[in-house]
Amino acid sequence: MTLFFLTCLLAVFPVVSMKSPIFGPPEIDSVEGTSTSIKCYYPPTSVNRHSRKYWCRQGPKGQCITLISSNGYVSKDYEGRANLTNFPESGTFVVNVDHLIQGDSGSYKCGVGINNRGLSFDVRLRVVPGSGVLNGTQVYAEDLGGKVSISCPFTSANLPNVKSVCKQIADKHCVRVIDSAGYKEPSYEGRAKLIIQGTTQTEFFFIIDQLQVEDDGKYVCQAGDDSSGDKSNVDLHVLKPEPELVYADLGSSVRFDCALGPEVVNVAKFLCQKNKEKTCNLVANTLGQRNQTFKGRILSQNNNGVFSVDITNLRKEDAGLYLCGANSDGQPQKSRPIQAWQLFVNEETTFPSRPSVVKGVVGGSVAVLCPYNPKEVNSVKSWCRWEDTQNGGCPLLVQSTGLVKNQYEQYNGRLVLYDEPGNGTYTVILNQLTAQDAGFYWCLTNGDIHWRSTVELKIVEGQPNLKVPKTVNVELGETVQLTCHSPCKFYSYKKFWCKWTDQGCSALPSQDEGSGQAVVNCDQNSQLINLTLKQVTKGDEGWYWCGVKEGLQYKETVAVYVAVKEKGTGSGALSSVRAAPAEDVIETSVRKVDRKVVQDPRLFVDTQAKDPEDAAGGSIASADPGSSAGQGGSSKVVVSTLVPLALVLALGVLVVGVLRARHRKNVDRISIRSYRTDISMSDFENSRDFGANDNMGASPVSQETTLGGKDEFIATTENTVETEEPKKAKRSSKEEADMAYTAFLLQANNMAANIQDGPSKA
């Protein structure tokens with residue numbers, strides 16, 4: 001059962017073999033008697049550099065027989081004509097074989113370690129005879145894209161007869177290609193012809209221009225159509241050019257330099273990639289056309305007849321054969337001259353990974369991490385914007401030396417490059433984003449081109465996380481505090497302020513680092529980062545950035561412009577200015593009001609119901625301690641009100657004490673829970689209608705109040721389910737005491753009102 005289950009799994013999920021990181025030439029065509037050189041690449045790890053390198057030939061049973069290895073072994077077939085050299089610093093080894101014979105044709109492997117263990121690459125070697133006559137057959141060996149002129153002899157008896165050439169196919173059937181009567185096979189149209197020189201010559205020539213791979217094969221020249229016709233056999237070998245090997249890591253960059261010679265210096269050049277259908281898809285040409293598959297990842301230039309193409313952010317599908325040629329319309333065709341490259345993309349890469357897309361919001365910022373070769377610490381780092389135009393290009397925006405001058409107007413206060421020597425990366429920060437900033441950007445250095453990279457910036461909907469005022473105006477000599485608000489998710493991040501210039505953004509010292517003209521401090525509770533500029537001068541004018549970092553990696557930034565103005569005459573108001581986001585100021589003030597208890601004497605004095613106009617007018621004005629009327633009569637009102645009220649309260653306390661002592665034995669034990677609240681005397685009016693509650697506004701379920709800036713919450717619960725109809729309550733001594741206390745409060749309230757009316761009427 002288990003075996004059946006595993007079989008089903010293998011049927012649904014086929015085994016995926018890991019691609020070998022060893023790379024070499026897939027095909028080699030050579031002529032007999034010449035020599036060949038096979039170059040193989042391997043990942044330059046410490047283990048691979050010291051491991052055995054070998055060149056072996058595959059046998060009919062799948063075994064690979066070693067011919068030569070780096071351990072010093074050389075087979076009998078290779079003695080005296082082969083050698084193997086290892087280049088560990090570049091991760092390559094080269095096998096040279098001299099005095100090639102046709103018997104050397106076959107399938108081989110170049111590898112690292114032990115034969116048949118997977119760390120190898122398959123190579124096919126074809127050795128063809130040189131041009132000449134071999135066993136009565138004329139042999140021609142010409143390069144792909146070249147030209148061949150085949151001589152076809154015949155006897156004088158066939159001078160008046162038709163001359164023709166046919167090509168043999170697999171079943172030994174000969175298909176006519178061309179004849180002297182005017183016929184020409186379509187695939188040879190425009191590039192093949194017959195030349196018959198005079199009427200006395202016993203030889204005609206079959207000429208093929210722009211040789212193609214399909215032209216390789218056996219031909220028959222014939223003069224006359226019957227059995228008496230003259231025939232001659234021809235063997236044509238079209239030699240494929242050995243492509244230049246290009247070994248690159250996944251995510252890195254490559255460059256193809258196409259130099260086809262002075263004869264086509266003014267002809268349009270093209271670069272194409274061979275696909276599985278054996279057609280060549282255009283990558284780019286000198287006419288400005290580019291394949292959309294490489295959008296944002298390709299740069300090309302044509303200088304002095306050399307067509308250079310850079311491809312960055314390499315993908316697995318970028319591997320393959322690339323051809324460069326010349327054609328008037330810039331489209332790929334089988335032409336000569338031609339250059340070829342075989343690109344291998346190593347998926348077991350040590351190249352630093354990074355996002356190919358970064359997203360930002362309007363008004364926000366992005367931080368792009370760019371890799372460079374750690375061995376080139378002193379190289380000039382740059383950042384450019386890729387242009388999707390016919391001429392293409394990538395104009396520089398910023399370098400490690402500062403902002404590019406012709407970009408100052410568009411990127412003033414917005415762009416900076418942080419060079420971080422030693423860790424192999426540099427950071428580019430762009431803030432105050434707009435929708436027009438979307439596009440592709442390239443990370444460049446003037447060193448190793450393989451470390452170039454590109455990133456796509458997308459603008460999405462959203463709001464910036466950091467908030468500052470856009471502009472702050474301050475007068476000379478004043479002190480200004482810039483406030484930057486950050487969300488709680490940045491709580492553990494390092495916050496900073498810096499002053500932007502076209503040379504970079506210089507960090508300002510923190511409060512712990514010493515006092516100076518600019519001091520930074522951060523209030524973690526309110527998530528505010530404050531920058532204080534003391535005694536502002538004209539030199540303080542400019543852009544200031546607030547930002548956050550996670551470790552050594554920059555995250556988000558926001559910019560504010562400080563404008564310094566001359567001191568106004570007679571202004572003399574504030575000696576310091578505080579600039580903060582408006583919404584933060586509102587939230588802070590509201591929070592403070594909510595927690596503040598306003599003690600208004602009016603609550604304890606004037607509590608009788610009044611006309612709305614009087615309540616909105618005179619009473620509020622008189623209660624304002626800041627008004628002149630309130631200050632003028634405050635002392636008289638206090639004396640005339642508080643003294644009689646104190647006497648009445650003392651008398652009331654005495655009466656209540658006597659009554660309670662008198663009925664103490666009959667009074668039930670009462671547990672009183674105290675609470676604090678603000679009470680006005682009007683709360684005691686009609687107290688009997690409310691069950692003599694001391695606080696009419698209090699909820700029967702819960703009571704909450706704020707006093708002295710602290711919150712106290714008291715919750716009380718009662719049983720709302722009536723289980724038995726209550727009997728008519730018998731009035732107890734406790735109730736009599738409560739009624740007496742209520743009557744006293746009502747009387748005190750009336751006395752206080754009469755006393756207040758007296759001074760007001762006076």
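Glycine too: its Cβ is placed from the backbone N, Cα and C atoms.
Neighbours of Cys40 (disulfide bond), defined as other CB atoms within 10 A of its CB across all chains, total 26. Cys40 (disulfide bond) falls within a strand when secondary structure is assigned with DSSP. The disulfide bond annotation in Swiss-Prot covers Cys40-Cys110 (among others).
Long-range C-beta contacts of Cys64 (disulfide bond), restricted to its own chain and to partners at least six residues apart, with a cutoff below 8 Å, comprise Cys56, Arg57, Gln58, Lys109, Asn115, Asn116, Ser120. Per Swiss-Prot, disulfide bond is recorded for Cys56-Cys64 (among others), and the stated evidence type is similarity to another entry.
Taking a C-beta cut-off of under 8 angstroms and a sequence separation of 6 or more, Cys221 (disulfide bond) has the following same-chain neighbours: Ile150, Cys152, Pro153, Phe154, Lys163, Ser164, Val165, Phe204, Phe206, Lys231, Ser232, Val234. Secondary structure at Cys221 (disulfide bond), as computed by DSSP, is strand. Summarising the annotation, Swiss-Prot assigns disulfide bond to Cys152-Cys221 (among others).
Look at Swiss-Prot and you will find Cys258-Cys324 (among others) tagged as disulfide bond, backed by similarity to another entry. Around Cys258 (disulfide bond), the same-chain residues six or more apart in sequence whose CB sits under 8 Å from its CB are Lys269, Leu271, Val306, Phe307, Ser308, Val309, Cys324, Gln339, listed in sequence order.
Cys272 (disulfide bond) falls within a strand when secondary structure is assigned with DSSP. According to Swiss-Prot, the feature disulfide bond maps to Cys272-Cys280 (among others), an assignment based on similarity to another entry.
In the three-state DSSP reading, Cys443 (disulfide bond) counts as strand. Around the Cβ of Cys443 (disulfide bond), 25 further Cβ atoms fall within 10 Å across all displayed protein chains. Positions annotated as disulfide bond by Swiss-Prot, on the basis of similarity to another entry: Cys370-Cys443 (among others).
For Cys384 (disulfide bond), other Cβ atoms within 10 Å of its Cβ number 21. Sequence annotations record features per position, and here Swiss-Prot assigns disulfide bond to Cys384-Cys394 (among others) based on similarity to another entry.
The Cβ neighbour count for Cys484 (disulfide bond), using a 10 Å radius over every protein chain in view, is 30. Per Swiss-Prot, disulfide bond is recorded for Cys484-Cys546 (among others), and the stated evidence type is similarity to another entry.
Feature annotation from Swiss-Prot assigns disulfide bond to Cys488-Cys522 (among others); the stated evidence is similarity to another entry. Annotation note: Cys488 (disulfide bond) sits in a helical segment as assigned by DSSP.
The number of other Cβ atoms within 10 Å of the Cβ belonging to Cys498 (disulfide bond), over all protein chains shown, comes to 19. Annotation comment: Swiss-Prot describes Cys498-Cys505 (among others) as disulfide bond.
The annotation domain 'Ig-like V-type 1' is assigned in Swiss-Prot to 19-120 on the grounds of similarity to another entry.
For the domain 'Ig-like V-type 4' (363-460), DSSP puts the residue distribution at 13 helix, 46 strand, 39 coil. Under the heading domain 'Ig-like V-type 4', Swiss-Prot lists 363-460.
Sequence-distant neighbours of Asn83 (N-linked glycosylation site): residues of the same chain at least 6 apart with a C-beta under 8 Å from its C-beta are Ile68, Val95, Asn96. Summarising the annotation, Swiss-Prot assigns N-linked glycosylation site to Asn83 (among others).
In the shown protein chains, 8 other C-beta atoms lie within 10 A of the C-beta of Asn135 (N-linked glycosylation site). Asn135 (N-linked glycosylation site) falls within neither a helix nor a strand when secondary structure is assigned with DSSP, and so counts as coil. What Swiss-Prot records for Asn135 (among others) is N-linked glycosylation site.
Less than 8 angstroms from the CB of Asn291 (N-linked glycosylation site) sit Asn281, Leu282, Val283, Ala284, Ile298, each of them six or more residues away in the same chain. Per Swiss-Prot, the feature N-linked glycosylation site maps to Asn291 (among others).
The N-linked glycosylation site annotation in Swiss-Prot covers Asn423 (among others) and rests on experimental evidence. Within the same chain, residues at least six positions away from Asn423 (N-linked glycosylation site) with a Cβ under 8 Å of its Cβ are Pro374, Leu552.
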The one of Cys110, Cys394, Cys488 whose CB sees the fewest other CB atoms within 10 Å, among these disulfide-bonded residues: Cys488
Fewest other C-beta atoms within 10 angstroms, as judged across Cys56, Cys505, which are the disulfide-bonded residues: Cys56
From Cys110, Cys394, Cys498, the disulfide-bonded residues whose CA lies within 10 Å of that of Cys484 (disulfide bond): none
Set of same-chain residues at least 6 away whose C-beta sits under 8 angstroms from Cys272 (disulfide bond): Cys280, Asn281, Leu282, Val283, Tyr322, Leu323, Cys324, Gly325, Pro332
Number of helical, extended and coil residues in the domain 'Ig-like V-type 1' (19-120), per DSSP: 11 helix, 45 strand, 46 coil
Residue among recorded positions Asn135, Cys394, Asn530, Cys546 with Cα closest to the Cα of Cys110 (disulfide bond): Asn135
From disulfide-bonded residues Cys384, Cys394, Cys443, Cys488, Cys498, the one whose Cα lies nearest Cys40 (disulfide bond): Cys443
Cβ neighbour count (within 10 Å, all chains shown) around Cys280 (disulfide bond): 20
